[in-house]
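Notes follow once the structure below has been shown.
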Amino acid sequence: MSTPVTVTVTGAAGQIGYALLFRIASGQLLGSDVPVRLRLLEITPALQAAEGTAMELNDGAFPLLASIDITDDLKTAFDGANVALLVGARPRTAGMERGDLLAANGGIFGPQGKAINEHAASDIKVLVVGNPANTNALIAQHSAPDVPANRFTAMTRLDHNRAISQLAAKLSVPVTAIEHLTIWGNHSATQYPDLYNTVVNGRSAAEQVDEEWLTGTFIPEVAQRGAAIIKARGASSAASAASAAIDHVYDWVNGTDWTSAAVVSDGSYGVPAGLISSFPVRSADGEWEIIQGVPVNDFSRGKIDASVAELAAERDAVRELGLI
Ligand code: NAX
């Protein structure tokens, strides 16, 4: 068995944390032969709840779980961290303007990025789940100037998985029949799930569905799926979000030919360099790479541009607030 990998999870006492931690402890994040040391970061009032989750983790007697530390201290949380899952965030509350939301999250992701810069292991990989995920990741990345920018990513894998599931149901095929699906842009209502490059049983997905379904049903339903879950469940997506976080990091570490992830743009596909935007990506040797040469038709161009404009506006707002 290899040496334990240190995995830091913020917002560990929350509902995504509750679903995520057990899957990490069971070996699904990194591999079934990789022991993990868990570091749980919470705000002080939630430390007791995190202790309760840790008690249950211990009760799982997971062979791969080497240790659990619970803390409200950033240095302790990120000291030697190899993987950081930044889940805890400030939710938007009634009457909160976008600027207030971004400022509140800047107060979380700025200091966390700084602590990662100062204390994390040199191979640190960061996944931001807490919303607004792309811009929170941008803030953390700018606060960690000594860490390669491409180690900061944000999660659009839940959107990717939702799109695969909905397309599979529509075409009555197993999810494994769907290849090369891409979520472009922001993890928000403007995200663009691209079926023009998606392949199902060797044929373009867009050719197998009618245009009205693609534009009038599929795209809005993927984007609004979170709201539909809240309506049905009375609580926001948790286990599916945790599952997507597991998928994202597992693929990052172990490699994949094609998925969607929000990574720092290098200017590909007209997305301004530096923005953290979702792209078609592959991973090899622990590094994401934006897949090049994916055709972008006029319809896709308009959708991608709209989502990227939203990301640029968020970046400008956090810049004005002095957060980046
Ligand atoms: P919960 O409210 O259940 O849990 C959040 C936890 O974070 C709480 O325990 C809170 O005490 C903790 N927290 C707050 N500030 C913190 C800080 N500064 N340091 C450490 N911990 C802190 O939310 P949950 O349902 O778990 O969702 C977590 C985040 O994921 C939210 O921002 C949510 O919007 C976001 N999501 C992102 C998704 C994505 O696809 N990127 C999908 C699911 C989810 O909506």
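Yeah, the Cβs are placed from backbone N, Cα and C, and that goes for glycine too.
In TrEMBL, annotation is done automatically, which means it is predicted and not curated.
His187 (active site, proton acceptor): 29 other CB atoms within 10 A of its CB, across all protein chains. Annotated active site, proton acceptor per TrEMBL: His187, in sequence order.
Long-range Cβ proximity for Asn131 (substrate binding site), meaning a same-chain Cβ under 8 A and a gap of 6 or more residues, is found for Ala89, Pro91, His187. Taken residue by residue with DSSP, Asn131 (substrate binding site) is part of neither helix nor strand, so it is coil. Annotated NAD(+) binding site per TrEMBL: Gly11, Ala12, Ala13, Gly14, Gln15, Ile16, Gly17, Asn105, Gln112, Val129, Gly130, Asn131, in sequence order.
Summarising the environment of Arg98 (substrate binding site), the number of other Cβ atoms within 10 Å of its Cβ, over all protein chains shown, is 13. Look at TrEMBL and you will find Arg92, Arg98, Asn131, Arg162 tagged as substrate binding site.
Residues annotated as domain 'Lactate/malate dehydrogenase N-terminal' in TrEMBL: 6-145. For the domain 'Lactate/malate dehydrogenase N-terminal' (6-145), the number of residues in each DSSP class (helix H, G, I; strand E, B; coil) is 64 helix, 26 strand, 50 coil.
Residues or ranges marked as domain 'Lactate/malate dehydrogenase C-terminal' in TrEMBL: 156-318.
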Entry from the binding-site residues list Arg92, Arg162 having the most other CB atoms no farther than 10 A: Arg162
Gly11 (NAD(+) binding site) to Arg92 (substrate binding site) - Cα separation in whole Å: 16
Cα-Cα distance linking Gln112 (NAD(+) binding site) and Arg162 (substrate binding site), given in Å to the nearest integer: 29
Pairwise C-alpha maximum, in angstrom, for the residues (Gly11, Ala12, Ala13, Gly14, Gln15, Ile16, Gly17, Asn105, Gln112, Val129, Gly130, Asn131) that bind NAD(+) according to the record: 20
Between Gln112 (NAD(+) binding site) and Arg92 (substrate binding site), the C-alpha gap once rounded to whole angstrom: 20
